[in-house]
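Asks: I'd like to ask some things about the structure below.
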């Protein structure tokens, strides 16, 4: 088995984000940027992964746990950052991937190609991931020859001829673990910033007589996120991928550009998704589900052939069983709607069970919170809840029971019973006309 390790550089302050949240924790498709890299690394199954963080970034350490983190106490450059992983990678003699926490769009396929290139017959010491950006102005150039990669030249130091080269440095590398830390130890800081640049290891490796190589990746994979606008650009890229994946997997998206997925959204076959639907993290949708427009779903499971929306909201803990209906302006939280049940209009179901084939009338509310605790409502199989009903939890409605419209139910109702609490119907003929006449005399108004 190929031995692989990874170092993720995540110590950057991210000042351009203007945020209290560390840059690498900003979410893309419902997942922190750094977590996208960790997920992509699964393709090469690293035996060790180390995340380099800066001072005050304990939240990053918490998020990447159980992966180990090492501290770059002073931000002295990328080579210095990688060197902080020396103890964690002591004795490792395989391929070390070096990634950046703010470059989250690299695909598993590209990482696999990087490792394969490192293990080629030429035995390159360093493999650099290059790309061809539409605007290459700011990037270092990769200087190649028939023998492979010769050097990386920063733009400010490049000649006019070198600046004309379109192949640019992404910073991502795969390095022979047997020489990585020796190369890093040889890097100097004789430059304008007084920093230790990781790019210098290419020339150092060539000076040792070792080959270096380039793998070319798509420019969109190497989009770095340093600002809110770049975060939005990265979101657009990943949403495009997720939409394509959904359609290739057998889902129909009526207006793909209006549907937003989380990275972990799971869709069955023949799912139909209308416009302006948003999937938060933790959603699983079964085969043949219809999701109409303007639904918002997070932390929920929906079984086969259920129908949602339009304008339905499923919150964490919602489970919708096969063939159930959740209609317009319905919110369901931490509740089970069982097989064939219908919750079709203007309803809140929270901390509840809606039994199979039960029917919940428009305007029904489960009153689950008293300001201190949440309480459960249980609605039995085949029960019928009339419109504009308040179910004051904790309360149980038996199977087959009928609740009259407009009721407030605060006590349990046995199976097959009728319960209603509204006052008796009263009609007073002519009363309205007499009232208006009386008020006109009092006010002098017509």
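Using N, Cα and C of the backbone, Cβ positions are placed for all residues, glycine too.
Heads up, here are the entries from Swiss-Prot:
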- 1-228: region 'Pyrophosphorylase' (REGION)
- 9-12, 23, 72, 77-78, 100-102, 140, 154, 169, 226, 315, 333, 348, 359: UDP-N-acetyl-alpha-D-glucosamine binding site (BINDING)
- 102, 226: Mg(2+) binding site (BINDING)
- 229-249: region 'Linker' (REGION)
- 250-446: region 'N-acetyltransferase' (REGION)
- 345: active site, proton acceptor (ACT_SITE)
- 362, 368, 369, 387, 405, 422: acetyl-CoA binding site (BINDING)
Asks: Would you mind sorting out which of 101, 362, 405 (the binding-site residues) have a C-alpha within 10 A of the one on the residue listed as 'active site, proton acceptor'?
Replies: 362
Asks: Report, as numbers and ranges, every residue of the chain located at least six residues beyond the region 'Linker' (229-249) whose Cβ falls under 8 Å of a Cβ in that stretch; write 'none' if there are none.
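Replies: Here the qualifying positions are 17, 26, 28-29, 33, 36, 104-105, 220, 223, 256-257, 259-261, 263, 265, 267, 269, 271, 273.
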Asks: If you average pLDDT over the region 'N-acetyltransferase' (250-446), what do you get?
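Replies: Value for the region 'N-acetyltransferase' (250-446), mean pLDDT as a whole number: 98.
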Asks: Kindly report the helix/strand/coil residue split of the region 'Linker' (229-249) according to DSSP, in that order.
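Replies: Final tally across the stretch: 20 helix, 0 strand, 1 coil.
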Asks: May I ask you to report the DSSP-based helix, strand or coil state of residue 345 (active site, proton acceptor)?
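Replies: DSSP call for residue 345 (active site, proton acceptor): strand.
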Asks: Find, for the listed recorded positions 345, 362, 369, 405, the residue with the lowest Cβ contact count at a 10 Å cut-off, counting only other Cβ atoms.
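Replies: Counting other Cβ atoms within 10 Å of each of the recorded positions 345, 362, 369, 405 gives the minimum at 369.
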Asks: Highest CB neighbour count within 10 A among the binding-site residues 12, 77, 101?
Replies: 101
Asks: Would you work out the biggest C-alpha to C-alpha distance among 362, 368, 369, 387, 405, 422, the residues that bind acetyl-CoA according to the record, and give it in angstrom as a whole number?
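Replies: Looking at 362, 368, 369, 387, 405, 422 as a set, their Cα atoms extend up to 23 Å apart.
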Asks: What is the nearest of the binding-site residues 12, 315, 362, 369, 422 to residue 226 (Mg(2+) binding site), using the Cα of each?
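Replies: That would be 12, the closest of 12, 315, 362, 369, 422 to residue 226 (Mg(2+) binding site).
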Asks: What whole-number Å value do you get for the CA-CA distance of residue 369 (acetyl-CoA binding site) and residue 9 (UDP-N-acetyl-alpha-D-glucosamine binding site)?
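Replies: If we compare the Cα positions of residue 369 (acetyl-CoA binding site) and residue 9 (UDP-N-acetyl-alpha-D-glucosamine binding site), the gap is 45 Å.
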Asks: Using residue 12 (UDP-N-acetyl-alpha-D-glucosamine binding site) as the reference point, find which of the binding-site residues 362, 368, 387, 422 has the shortest Cα-to-Cα distance to it.
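Replies: Nearest by Cα distance to residue 12 (UDP-N-acetyl-alpha-D-glucosamine binding site): 368.
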Asks: Highest Cβ count within 10 Å among the binding-site residues 315, 422: which residue is it?
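Replies: Of the binding-site residues 315, 422, the most buried by Cβ count within 10 Å is 315.
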Asks: Under a three-state reading of DSSP, tell me whether residue 387 (acetyl-CoA binding site) is helix, strand or coil.
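Replies: In the DSSP reduction, residue 387 (acetyl-CoA binding site) maps to coil.
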Asks: For residue 102 (Mg(2+) binding site), which of the listed binding-site residues (362, 368, 387, 405) have their CA atom within 10 A of its CA?
Replies: none
